[in-house]
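As annotated by Swiss-Prot, domain 'J' applies to 4-68, with the evidence given as sequence analysis. Under the heading zinc finger, Swiss-Prot lists 134-212, citing sequence analysis as support. The repeat 'CXXCXGXG motif' annotation in Swiss-Prot covers 147-154, 164-171, 186-193, 200-207. The Zn(2+) 1 binding site annotation in Swiss-Prot covers CYS147, CYS150, CYS200, CYS203. Residues or ranges marked as Zn(2+) 2 binding site by Swiss-Prot on the basis of sequence analysis: CYS164, CYS167, CYS186, CYS189.
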Amino acid sequence: MSQDYYKILGVSKTASQADLKKAYLKLAKQYHPDTTDDKDAEKKFKEINRAYDVLKDEQKRAAYDRFGHDTFQNQQSRGGGGSHAGFHHDINDIFGDFFSDFMGGGRRKPTSSKARGSDLKYDLTINLEEAFHGIEKNISFSSEVKCDTCHGSGSEKGETVTTCDACGGVGATRIQQGFFTIEQACHKCKGNGQIIKNPCKKCHGMGRCHKQRNLSVNIPAGVENGTRIRHTGEGEAGIRGGNSGDLYVDIAITPHDIYKVDGANLHCKLPISFVNAALGGEIEVPVIEGRKVNLTIPAGTQNGDQLRLRSKGMPKMRSTIRGDMITHIHIEVPKNLSKRQCELLEEFKKESISEKENDGSFFNKMKSLWS
């Protein structure tokens, strides 16, 4: 093959990067030693990789175009860039392109040492009245916060962070084993892709420290049991200036002595006298906001009936709509009656029996069974 890199790849000197890559992949697959029996395949494969290694780099390509092939090669040799070392670097690149082409993967890009902080979860218990009105709660927890000495950079004041020269900022190195490559964390930068020559003494180069925090969180009115509220950026600080995680506050509402919650509706047991149940009337009932309202009891109300107070339940979160309060009637029978009350009830009993005897209903049907 000709030593002209453009001719090796079969492209013109004005070829775009996309055209270069397309030509490179086609030839690399054709001449890869593991995919062909051609005796000259390995030599051709090395030439293809050397050509692409230069032309894919805009600075190297510009130098190659300016000085020509021979001068460029001599300069590379004096700079210590042997062809054997370049070949191993390039073969790792080709495997990345193979996987990208066939499996949807991609060549690993330089990593950033600015890793995002972890999300945090906080369990907060409130009562039903607090859930109704909404409340501002102060919470305390420990987490990683930005180092106040290096301001999150991880390096001593005035020091700069440099790209790792062992992995080129990728954070990993590759070892070839046959057709496959094994990727492992770079031993020099520990997978960070960057080198801190003089780490901050307080945070040991991490850019963050452990600290107890106090935070005021707003709980909106109408929050339900099990609601998760997200506080963006209030989680753990990121590594070396990375974005902070989020804080998730999980709400638990303690059971109430009077009300049972069903979404935005409230249910409660309402005891009334049998007189009120029979005659009807109005009674005062307490509602969740801490006052009393009138409830009309229809005459003839039965035990277990449900009476609804519209818009007297819980508010719906971030809405002006409220649920209802549903009362479950429980008729109370007096245990201790005065003589006068007993006499009146006896009269009521006689009249009730007389009415049932005359209406030919259930009472007469039962009576006929014994006659």
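Using the three backbone atoms N, Cα and C, a Cβ is placed for every residue, glycine included.
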Sparsest-packed among the binding-site residues, when each Cβ's other Cβ atoms within 10 Å are tallied, from CYS147, CYS186, CYS189: CYS186
In contact by Cβ distance (the repeat 'CXXCXGXG motif' (164-171), the repeat 'CXXCXGXG motif' (200-207); 3 or more pairs under 8 Å): no
Rounded Cα separation (Å) that holds between CYS186 (Zn(2+) 2 binding site) and CYS200 (Zn(2+) 1 binding site): 22
Distance [Cα-Cα, Å, rounded] between CYS164 (Zn(2+) 2 binding site) and CYS200 (Zn(2+) 1 binding site): 18
Local Cβ density at CYS164 (Zn(2+) 2 binding site) - other Cβ atoms counted within 10 Å: 21
Alpha-carbon distance [CYS189 (Zn(2+) 2 binding site); CYS200 (Zn(2+) 1 binding site)] in Å: 16
Rounded Cα-Cα span from CYS167 (Zn(2+) 2 binding site) to CYS150 (Zn(2+) 1 binding site), Å: 26
Collapsed DSSP category at CYS186 (Zn(2+) 2 binding site): coil
For the Zn(2+) 1 site built from CYS147, CYS150, CYS200, CYS203, further residues of that chain with CB within 8 A of the site's CB center: THR149, HIS151, GLY152, SER153, GLY154, SER155, PRO199, LYS201, LYS202, HIS204, GLY205, MET206, GLY207, ARG208, CYS209
Under 8 Å by Cβ from CYS167 (Zn(2+) 2 binding site), counting only residues of that chain that are 6 or more apart: THR173, CYS186, LYS188, CYS189, GLY193
8 Å Cβ shell about CYS164, CYS167, CYS186, CYS189 centroid, Zn(2+) 2 site members excluded: ASP165, ALA166, GLY168, GLY169, VAL170, GLY171, ALA172, THR173, HIS187, LYS188, LYS190, GLY191, ASN192, GLY193, GLN194, ILE195
